[in-house]
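Record features (TrEMBL):
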BINDING   Glu32, Asn36, Asp78, Met83, Asn91, 98-99, 120-125, Thr170, Arg330  ATP binding site
DOMAIN    25-180  domain 'Histidine kinase/HSP90-like ATPase'
REGION    1-330  region 'A'
REGION    548-621  region 'C'
Amino acid sequence: MAETREFQAEVKQLLHLMIHSMYSNKEVFLRELISNASDATDKLRFEALKDPALLEGDAEYKVEIEVRKDARELIIRDNGIGMSEQEVIENLGTIANSGTRKYLEALSGDEKKDSQLIGQFGVGFYSSFIVADQVTVNTRRAGQEQGVRWVSAGEGDYTIEPVDKATRGTEIVLHLRDGEDEFLEHTRLRHVIHKYSEHLSLPVRLHRPADGEDEGGYDTVNQGTALWARPKADVKDEEYHDLYRQLSYDPEPPLTWSHNKVEGNLEYSSLLYIPAKPPFDLWDRDSRRGLKLYVQRVFIMDDAEKLLPSYLRFVRGVIDSNDLPLNVSRELLQSHRVIDKIRAASIKRVLSVLGDLAKNDADKFARFYDAFGPVIKEGVVEDPDNRDKIIDLLRFHTTRTEGQARISLRDYVERMAKGQEDIYYLTAENLTTAKASPHLEAFAKRDIEVLLLTDRVDEWMVNALPEFDGKTLKSVVRGDVDLGKLIEDPQAEGEKARVEALYKDVIERVQGVLGERVESVRVSQRLTESPSCLVVADNAMSRHLEQLLRQAGEAIPGNKPILEINPDHPMMTRMRETLDDDEFEDLSHLLFEQAVLAEGSQLDDPASFVKRLNRLVFKGA
Ligand SMILES: Nc1ncnc2c1ncn2[C@@H]1O[C@H](COP(=O)(O)OP(=O)(O)OP(=O)(O)O)[C@@H](O)[C@H]1O
């Protein structure tokens, strides 16, 4: 007796979407079903290593696709692991896969975008309902006697019942909707299957109907040999692109790749791709990362994180090792000599591919950097062994670059000003804030280039990068930036003393007003246009980093900044002449608050700022 069961709510939602909004690119259902069949044979191959009896005498893995035109049925059959009753209920009635749940969250309502998302997430089995108004699944788990039949029209419920099934594995029968006749056509099917399965290491066989003399039969559509196992010279670019598409679900071709067969002490093949565009989950904590791992052509796992460090998480590809045991698990990978070596070699490989790109193809490298620059910077902190190579790849905006142009540290050093000993940088929220920063004024006046760092990771990166080419990296917002040597004027010292004496009283008064808000107040050497700016002590955390940490929800005490004032600014002349305490107080706060705003920070008490500003502006009126 068949039992009727309800789909989980999320499944209903997903099915509704599949049925009512996927008008384009419907063929993806076939890719999903073939990919499931291939996973199922991979799983069996793996389990059969421990328990050969599961094979029931049949070790010739394959997927077969057959059309029954009169019945409007398309059948996809595999001799993989199959499913038990419990597995059918879990896998084909609920959404167990966290990726699918994310898919639902990411839906935009825009049919075209959503159908592309299907590709990225691989929404899998349920995509059958894009083209079918009834789906029947007959399956028997390898090693079990009883088979299961699952039937649904994709509208809220399904039935499940025991069934006799002679062969292990899964057979999916799609009853096609009206208007989906193209998927009954042999040539059309052949084309789609070829497109999606060319690089599966599993033969996909399509049934050829009898025709006159021809009795019909099954033809293998794909090559069925892993691309990475073939000699490089035999593989066409389009084939590399196709495999990349399968691995990444990225519709665009990769930027570049590196295919290698390593022989000697360690034997493995590696195929590493650099994507052209970032995946949607690049900044997700649990984003996909790592490579697909095979051992002697047997698929072992997806996303083996241990094979690449987190700062190379955008790389997609395959490692096929001859030295690992077939029963290797994620735990074992954590500390395995072979894995450590493959990992180290893969990192070097990726960095050298990128290095070549930087040298030989500026345009492609710029595309790479736009997409993954901030990610690669994490490597400066994460991977001291390869730091020099990573640093060579870094590119920066500066006070002299325009638009999207960036330069390397090497370029910076080569064009340093006469007498300049250090590398100067400024960290800020964005390029506009950075370029307008008062801290840059003195540097601009002396024509000294300053790196403008606006990626979140930059604060951490510069901490891990104290010097380059023997030159110290110095923040222009720190107290110890010594412009003294760069000022050619020999009378500067005397002038400095005179100005300080002139402003001694003002400085004491400002300090009295601001009290605990500042560490100290002093005459600035950096300002030429702005009235004031905030700097931090030499060894203190930068204010931008404090801001980032607060945004990330960390409670940090916060250092008191040093307020620097510009003696040449009319506001200072006015303060020197102001005797009225109330007005002086307003001006002092304003001096501080302007400096906070100019660095792109937020005021603690914006309302008071506004009142103060109005008081001062309308004072004369
Ligand atoms: N042909 C099959 N043989 C055995 N199990 C299958 C088969 N098709 C699907 N399944 C099982 O059903 C589960 C759900 O399949 P579905 O295609 O919806 O998602 P998935 O394959 O897990 O996810 P994704 O498509 O994102 O990789 C699979 O994980 C697998 O356990």
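Cβ from N, Cα, C; glycine included.
Source: prediction; values computed, not measured.
Features recorded in TrEMBL, as mapped to the structure shown.
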{"residue": "Glu32", "record": "ATP binding site", "DSSP (3 states)": "helix"}
{"residue": "Asp78", "record": "ATP binding site", "DSSP (3 states)": "strand"}
{"residue": "Asn91", "record": "ATP binding site", "DSSP (3 states)": "helix"}
{"residue": "Phe125", "record": "ATP binding site", "DSSP (3 states)": "helix"}
{"residue": "Arg330", "record": "ATP binding site", "DSSP (3 states)": "helix"}
* **Mean predicted confidence [pLDDT] for the region 'C' (548-621)** => 88
* Among the binding-site residues Glu32, Asp78, Asn91, Phe125, Arg330, which residue has its Cβ surrounded by the fewest other Cβ atoms within 10 Å? -> Arg330
* Taking only the binding-site residues Asp78, Asn91, Arg330, which have a CB closer than 6 angstroms to any atom that belongs to ligand 1? -> Asp78, Asn91
